[in-house]
Amino acid sequence: MVCYGVTIILVGTLGSLLVGAFPQVTPKKSCSLSKYQFPAPLELKAVWRMKEQFEDIMLLTNRKCNTRLFHRKWDIAELSVPDRITLVEAELDLTITVLTNPTTQRLAETCQQPLAFLTQVQEDLRDCLALEAPSHQPSGKLRHWLQKLKTAKKKETAGCLEASAILHIFQVLNDLRCAAQREDCT
């Protein structure tokens, strides 16, 4: 009887030691951006309201901006899938920064829902890049655009960056749609 009890304890102890000796295979987190091919109408409506309100605010201000960040000589469909994701993540980084620090209180109230949505998108994009292309190096086209963005962030006023990001928000969402379509984006 004592021998049987010791055997059970011994088997239990050895079993737990053996299980701990081998690394556990954790299931890979999947990268699914397909939900962003067609964002929820509620999210799009909130973004549309924010953009319209910003346009109304712009009419009342005297901003003179020449920022042409979102004017590119190439189309996003020309980029590889990791480049597309990197591009949209960078566009969202600027947009989220702008929406986090709006220049008017009126805009601050309207941008909360779009900000939450875009922040979630950015997290999903970063997860995908970390999972699928952790050591990805951007192509020459994208590298040039990223450098242009970095320079603009340093040289442009907050108001001009805000105008550029918000007025081109639907271009960012179209770029997101292309990134979500992966190889099917043409």
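Every residue, even glycine, has its Cβ placed from backbone N, Cα and C.
Here the structure is a predicted model, which means the values were calculated and not measured.
When the candidates Cys31, Cys65 are compared with Swiss-Prot, only one is recorded as disulfide-bonded to Cys128, and it is Cys31. The disulfide entry in Swiss-Prot for Cys178 points, among Cys160, Cys185, to Cys185. Neighbour count (other Cβ atoms within 10 Å of the Cβ, all protein chains): 15 for Cys65 (disulfide bond).
The two recorded residues, Cys31 (disulfide bond) and Cys160 (disulfide bond), have Cα atoms 34 Å apart.
Sequence-distant neighbours of Cys178 (disulfide bond) (same chain, 6+ apart, CB under 8 A from its CB) are Ile76, Ala77, Arg84, Cys185.
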